[in-house]
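Sequence annotations record features per position, and here Swiss-Prot assigns active site, proton acceptor to H176. As annotated by Swiss-Prot, NAD(+) binding site applies to G10, A11, G12, Q13, I14, G15, D34, N96, I119, T120, N121, with the evidence given as sequence analysis. If you look up Swiss-Prot, you'll see R83, R89, N121, R152 marked as substrate binding site, on the strength of sequence analysis.
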Amino acid sequence: MARPKIALIGAGQIGGTLAHLVALKELGDVVLFDIAEGTPEGKALDIAESGPSEGFDAKLKGTQSYADIAGADVCIVTAGVPRKPGMSRDDLLGINLKVMKSVGEGIRDNAPDAFVICITNPLDAMVWALQQFSGLPANKVCGMAGVLDSARFRHFLAEEFNVSMKDVTAFVLGGHGDTMVPSVRYSTVAGIPLPDLIKMGWTSQEKLDAIVQRTRDGGAEIVGLLKTGSAYYAPATSAIEMAEAYLKDQKRVLPCAAYCNGELGVKGMYVGVPTVIGAGGIERIIDVSLTKEEQDMFDNSVNAVKGLVEACKGIDGSLA
């Protein structure tokens with residue numbers, strides 16, 4: 001039985017980390033694509049040479065040809081320009097939109113049956129454009145954002161409560177940006193909702209508010225510290241979690257940028273919502289009920305994404 005084929009489009013920091021994780025977890029064979037000659041080949045060879053020590057048999061190949069991704073089961077897209085200090089995710093729009101056109105056409109022509117996970121920023125607009133350019137079914141194209149944002153939220157909460165991260169559940173709604181909506185009401189520690197933990201004296205509303213804001217600023221915090229790029233370890237592990245759910249038909253409940261068709265009041269666009277990921281791709285969107293305050297924050301985030309999508313249409317007339 002052939003191993004799954006996983007195409008990684010972009011061999012930068014996230015792409016290289018993804019390739020290593022795929023090999024370590026033995027999720028499949030890897031094709032690492034990048035337009036920079038030598039970079040994907042070098043990283044693929046370096047990771048392959050760690051196989052004898054790590055004990056994996058995955059095959060890794062670096063390439064500049066989309067023909068090599070033919071028949072891929074999963075495509076994870078990281079191609080594009082990363083953020084640098086002082087840049088917002090939205091500043092990347094024009095540059096990375098052109099990249100998504102090239103990538104979308106490459107996937108359309110060579111791996112039309114793949115499950116596609118986009119990581120390129122500004123995420124919600126880029127995954128929308130990628131689906132448009134590729135023509136793949138919307139349930140087979142999604143964006144990695146909510147898993148990462150939720151992981152950051154869970155990390156900060158576990159630190160605050162001094163408990164295992166395994167016992168913290170949390171999810172983040174909305175666009176992958178400053179308007180994201182970390183859901184306090186739907187987040188728990190061992191099943192105990194965060195508002196109840198305030199009543200129990202475990203924390204205060206002020207501390208939770210600060211954690212929510214730090215979650216929103218999570219990417220910028222790392223950009224500011226690194227100074228030469230953006231996060232890559234946590235984004236890569238988040239995308240692997242999604243890919244594994246698809247490849248193993250795990251039916252995982254994971255927040256991600258998915259195409260909404262009326263869920264949570266959103267129609268005809270991608271935004272961060274809780275989903276079920278299995279062998280059918282995005283098999284279901286969980287239409288959670290929101291309070292008026294939560295809905296207002298979510299709508300504000302959706303409107304920010306709409307603005308970026310409209311900007312994409314203005315840049316590339318084929319999207320209008």
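Yeah, the Cβs are placed from backbone N, Cα and C, and that goes for glycine too.
Features as recorded by Swiss-Prot, highlighted on the structure.
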{"residue": "G10", "record": "NAD(+) binding site", "DSSP class": "coil"}
{"residue": "D34", "record": "NAD(+) binding site", "DSSP class": "coil"}
{"residue": "R83", "record": "substrate binding site", "DSSP class": "coil"}
{"residue": "I119", "record": "NAD(+) binding site", "DSSP class": "coil"}
{"residue": "R152", "record": "substrate binding site", "DSSP class": "helix"}
{"residue": "H176", "record": "active site, proton acceptor", "DSSP class": "coil"}
Practice item. May I ask which residues of the same chain, at least 6 positions away in sequence, place their Cβ under 8 angstroms from the Cβ of I119 (NAD(+) binding site)? Key: I14, I76, V77, T78, G143, M144, P235, A239
Check your understanding: Where R152 (substrate binding site) and H176 (active site, proton acceptor) are concerned, what is their Cα separation in Å, rounded?
Key -> 13
Exercise for review: Quick one: pull the CA-CA distance for R83 (substrate binding site) versus N121 (NAD(+) binding site), whole Å only.
Suggested key: 8
Check your understanding: Near the Cβ of H176 (active site, proton acceptor), how many other Cβ atoms are there if near means within 10 Å?
Key -> 29
Revision key, fill the gap. Across all protein chains shown, the one of the binding-site residues R83, R152 with the most other Cβ atoms within 10 Å of its Cβ is R152
Exercise for review: Taking Cα atoms as reference points, rank the binding-site residues G10, D34, N121 by distance from the residue listed as 'active site, proton acceptor' and give the first.
Suggested key: N121
Review point. Do any residues at least six apart in sequence from G10 (NAD(+) binding site), in the same chain, have a Cβ closer than 8 Å to its Cβ, and if so which, in order?
Key: F33, D34, V77, T78, A79, G80, T120
